[in-house]
Amino acid sequence: MKLLAVRRLFRIQRVVIRYRLDDLLFDQPLLPWWLASLRLLMPWRWLPRKPTELSRGARLRLALQDLGPIFIKFGQLLSTRRDLLPPDIADELMLLQDRVPPFDPKKAVALIEEQLGAKVGEVFSRFDVEPLASASVAQVHAARLKTGEEVVVKVVRPGLKPVIAQDLAWLFLIAKAAERASADARRLHPVEIVGDYEKTIYDELDLLREAANASQLRRNFEDSELMYVPQVYWDLCRPKVLVMERIYGVPVTDMATLADQRTDMKLLAERGVEVFFTQVFRDSFFHADMHPGNIFVSTVKPWSPQYIAIDCGIVGSLTAEDQDYLARNLFAFFKRDYRRVAQLHIDSGWVPANTKVNEFEAAIRTVCEPIFEKPLKDISFGQVLMRLFQTARRFNMEVQPQLVLLQKTLLNIEGLGRQLYPDLDLWSTAKPYLERWMRDRYSPKAVFGNLHSQVEQLPHLAGMTRDLLERLSQPHLHDPQLPERRRQGDRWALRLLGAGLLGGGAVLAAGAAETASLAAPAAWPAWLMLAAGLYLIVRQ
């Protein structure tokens, strides 16, 4: 293992030298003297340099390709962090393709038989040894069940975990060194990015997780005209093997075939937007890897086209609070109410509570106002979110991983929609859906349903209120970097406090009604408690 690690280190060093990636660090201005002096200890920097026409982004992309699939997938993750990376580097990393040669089919068969505890011939009436597709984590084979259903069998590459662990160790080492060496690097949070990647890559190794995600999405869109998700055959799913229904559709980028079957392209593009907002706001569970390779179009009703989604390994979800603030931010942005946008960021806890609203508002206006020079139909929701994240980072916003997944997915959906139908007006398509969601969220039925669920938490009210008051009495807990989970806890405590006030007010009101009139002065405390409780619940 140590020998492999040393060999890998030399491989990384050769790639760094070949593409002069050290320039990305050492050619930065205002380097600490001790770091700048390290250049003298690198012999290759003394040698004459061959002129190159490659940009820094292209050199980084080629280096990641040379380092193999784990680094390629890391580069793909980086390409989604446009709130962090310079545009030239992000654009180049978007070109990375997760395509690797297939592994030996005999190994795939052996792994399937080991996982299922049966011979392939006992489970499938036909199994194609030539894979349909091959990527860095798994490859896919076509097969037919004994009962006649056509399926695909996804198999994790054997021996992948040690390789991933080794490459992740080097990525963490590089990230930590970059954070120590450069203020610009610290602003990009490289260790945090590698940590997010570690979670993502290990999640992708567990095919039971992908099967569960697919089942949830299928249930969410059952009998829907918008999207179809293939059936999972749970009896044949294991941590390293996934068996799903085989679908036959047109790749969403195959414009010629879609045109030949007279697909309604405008409706298809609009339904893509509706699929996104349905997942985010109705279900709070969204497919977060909706690039064109994972999306097909059904051939059944071209006049009423339906999407088919595959590869559900990466999903995202939003809290009710994030859903609410996201919708309000979009409405405020399109009204050019930048003060409202700034205040919403502060209220949501996305930026520290001590942020100066006027300064934040001015920064948002400076970044976002040029966007409105374009026609409304050309404005990108994904770009709006990216610009807001970039601005908010200057005010110490910690962008939650789920919001990054959301922004990445939105960019994919937008790009796809405008490729299908260039005149797609995203805001006109999304606005009615958002308005309907906001109306439903604040309808009397929803408010009282929310109240009922929170009244059930009344037994915990005393303890949570005491904890909240203790935290508020300790100044050091007002740190701008207060973890999100503590902010969420505070919100829940305030909701429960509101529920308690409502309950107490109802008791007082009932007593006042028996002894006097609800309009009498004796009933005023009850009305005050009811009003305060309702305010706390709705406000939170």
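Positions of Cβ are set from backbone N, Cα and C atoms, glycine also.
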Per Swiss-Prot: ATP is bound by L132, A133, S134, A135, S136, V137, A138, Q139, V140, and from K119, K154, K161 the site also lists K154
At a 10 A cut-off on CB-CB distances, which of the binding-site residues L132, A138, V140 has the highest count? A138
Diameter of the ATP binding set by C-alpha atoms, the set being L132, A133, S134, A135, S136, V137, A138, Q139, V140, K154, in angstrom: 14
Can you grab the distance from S134 (ATP binding site) over to D289 (active site, proton acceptor)? Cα atoms, rounded to a whole Å. 17
Rounded inter-Cα distance in Å - V140 (ATP binding site), D289 (active site, proton acceptor): 17
Cβ-based isolation winner (fewest other Cβ atoms within 10 Å) among the binding-site residues S134, S136: S134
Give me the Cα-Cα distance between D289 (active site, proton acceptor) and S136 (ATP binding site), rounded to a whole Å. 15
